[in-house]
Amino acid sequence: MAHSTAGDRDPEVGSEQHSSIAQLHTESMSDPWGDSNSPENPLNWPAPKKNFHVAIVSIFTLTANLAATMFAPGAPQLAKEFNITNSTVEAMTVSLYVLGFAFGPLLLAPLSELYGRLIIYNACNAVYIAFTVGCAFSTNVSMFLVFRFLCGCAASGPMSIGGGTVADITPQEERGKAMALFAMGPLLGPVLGPIIGGYVSQYTNWRWTFRIILIMSGIIGLATMFFMRETNAAVLLRRKAKRSPKDAEGMELELDKTKKETPSQVLVRAITRPFKMLLFSPIVLLISLYTGVLFGLIFLLFTTFPTVFQGVYGFDEGTSGLAYLGLGIGMFLGLVVFSILSDKLLGQKQGGTVSKPEQRLILMKWFGPITPLGCFMYGWSAYHHVHWIVPILGTSIIGFGSLFVVIPGQIYLVDSFGAEAAASALAANLLVRSPFGAFLGLVAAPLYDRLSLGWGNSVLGFITLAFTPVPWLFYRYGETLRTRFVVKL
């Protein structure tokens, strides 16, 4: 029975929630799958099949985040075409998409835990394609803003439930690499977007950025529709019970629980999950705030790059776009280090005993504190007109450190709540993180006008420095907090 569900792989999940699947294992004498090695159980899938599903959701997430900033270089063209003179409205043509990341998961993540991941992936992709077409053929700014926001809501689907898919098919001790690949989308996508979008806008126009996104989304959508399979264990077991009366007898606990609630009650309970997690779990709240600050910092830096590398260092428009690669290289190096160390450290710390989610915070403790150093290096080197390689190295340090906050933070939430509630935990994280990405960039101009690049980035460095004790706190007291502040889902 060790391979029956993700809940079995997550010993700490029981302290967080009353999982129907966990109840099934402890209270029923029979394995709900009929066989602990059943091929129907996603945890028992062959490695190539698991890797394919991780790759698809990771590419889906990367594409969704590419679209967040790929349009940004073309925003001035849209502003000119639609006669936009208000700088805030122009900024909203980019930021509203990211704001959609906060609202979409509130419905999509709970629905995936009730009705399955696959139907949400397919529905989100179809809706996303439709709204992307709307963006590409918009005839006025109001039409564009509405479609842009709705695109963000649809794009949030894979970001909020992808972690659930990873948890569905990978045991805890193998989850680090898979989650690292999945979590790279929100980090690397916004970095690569402006580079690609800059050349697309330069040689075509802003509408072509959406046509390229449309092509990419169509390919991913077809792959999802024809090759992906459902991974949610609870949904698969319910379907199994409906197919076979014999299986239904072994699932009486789960079925009886479901029958006590109407569909609307089940949906309301599921939708309120992310809010309950934020309100009653200090772990979810502080991890979400920490990742939100880092996510917002990255988007804020994007607004300064044209000013710094064109205004201070004299880069042309095309070359200045390559400055974004500093962040990207730092994140890529961080990904390599994380992939090598994450699961290895978990195994070493386990030492034959029960592993704990807090062991995922070790790398955050080690590398998170270097992010403020990158802020200071970037800001003051640009302020004093030091050679351009120095501020780019500063952004690389920011990218490296940010990765070791965002990815371990997400894995910690997934390991803490298990496959049954991973999507809701990540939805809570997105609910906090996305507004930082959407709106923090709007304060860049007044911040730097008043404080200069040096002190402005120092303020950002001090803010990130204030959050560095968070992983140390949870590494020491996380298990106690999870036991004391139990979120009844």
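Quick reminder: no glycine exception, Cβ is built from N, Cα and C everywhere.
As annotated by Swiss-Prot, region 'Disordered' applies to 1-42.
Swiss-Prot lists 1-12 with the feature compositional bias 'Basic and acidic residues'.
According to Swiss-Prot, the compositional bias 'Polar residues' annotation covers 16-41.
According to Swiss-Prot, the transmembrane segment annotation covers 52-72 (among others), on the basis of sequence analysis.
All protein chains shown were included, and the count of other CB atoms within 10 Å of the CB of Asn83 (N-linked glycosylation site) stands at 8. Residues annotated as N-linked glycosylation site in Swiss-Prot: Asn83 (among others).
If you look up Swiss-Prot, you'll see Asn86 (among others) marked as N-linked glycosylation site. The Cβ neighbour count for Asn86 (N-linked glycosylation site), using a 10 Å radius over every protein chain in view, is 10. Mapped onto three states, the DSSP output places Asn86 (N-linked glycosylation site) in coil.
Here the transmembrane segment (91-111) has long-range neighbours at 67-69, 71-72, 75, 78-79, 84, 120, 124, 141, 144-145, 148-157, 159-161, 164, 267, 270-271, 273-274, 299, 423-424, 426-427, 430-435, 437-439, 441-442, meaning same-chain residues at least 6 beyond its ends whose C-beta is under 8 angstroms from one of its own. The transmembrane segment annotation in Swiss-Prot covers 91-111 (among others) and rests on sequence analysis.
Annotated transmembrane segment per Swiss-Prot: 127-147 (among others), in sequence order, evidence recorded as sequence analysis.
Summarising the annotation, Swiss-Prot assigns transmembrane segment to 149-169 (among others).
Among residues of the same chain six or more beyond the transmembrane segment (180-200), those with a C-beta under 8 A of the stretch's C-beta atoms are 54-55, 57-58, 60-74, 159, 162-163, 166, 208-209, 212, 295, 298-299, 302, 317-318, 321-322, 324-325, 327-328, 331-332, 335, 338-339, 342, 399, 402-403, 406-407, 410-411, 437. Among the features that Swiss-Prot reports, transmembrane segment is placed at 180-200 (among others).
Non-local neighbours of the transmembrane segment (208-228) in the same chain are 52-53, 56, 59-60, 63, 66-67, 70-71, 74, 118, 121-122, 125-126, 128-129, 132-133, 135-136, 196-197, 200-201; each lies 6+ residues outside the stretch with a CB under 8 Å from one of its CB atoms. Taken from Swiss-Prot, the feature transmembrane segment applies to 208-228 (among others).
Residues 69, 72, 98, 186-187, 190-191, 194, 324, 327, 371, 375, 378, 395, 398-399, 402, 405-406, 409-410, 412-413, 416, 425, 428-429, 431-441, 443-444, 460, 463-464, 467, 470, 473-474, 478, 481-482, 485, 487 of the same chain sit 6 or more residues outside the transmembrane segment (282-302) yet have a Cβ under 8 Å from a Cβ within it. The transmembrane segment annotation in Swiss-Prot covers 282-302 (among others).
Tertiary proximity for the transmembrane segment (321-341) is limited to same-chain residues at least six positions away from its ends with a CB under 8 Å from its CB atoms, namely 73, 176-177, 180, 184, 187-188, 191-192, 194-195, 198-199, 298, 301-302, 305, 308-309, 315, 363, 367, 374, 391-404, 407-408. Swiss-Prot lists 321-341 (among others) with the feature transmembrane segment.
Here Swiss-Prot flags 361-381 (among others) as transmembrane segment, drawing on sequence analysis. Long-range neighbours of the transmembrane segment (361-381) within the same chain, counting only residues 6 or more positions beyond its ends whose Cβ lies under 8 Å from a Cβ of the stretch, are 294, 297, 301, 330, 334, 337-338, 341-342, 345, 349, 390-391, 393-402, 404-405, 408-409, 412, 453-458, 460-462, 464-465, 467-468, 471-472, 474-475, 478.
The annotation transmembrane segment is assigned in Swiss-Prot to 388-408 (among others).
For 425-445 (among others), the entry in Swiss-Prot reads transmembrane segment. Within its own chain, the transmembrane segment (425-445) is flanked in space by residues 68, 88, 91, 95-96, 98-102, 105-106, 108-110, 156, 159-164, 190, 273-275, 277-278, 284-285, 287-289, 291-293, 295-300, 302-304, 409-410, 413-414, 416-417, which lie at least six positions past its ends and keep a Cβ under 8 Å from the stretch.
Non-local neighbours of the transmembrane segment (52-72) in the same chain are 93-94, 97-98, 121, 125, 128, 132, 151-152, 155-156, 158-159, 162, 165-166, 169-170, 178, 181-182, 184-194, 196-197, 200, 206, 209-210, 212-213, 216-217, 220, 223-224, 227-229, 231, 302, 437; each lies 6+ residues outside the stretch with a CB under 8 Å from one of its CB atoms.
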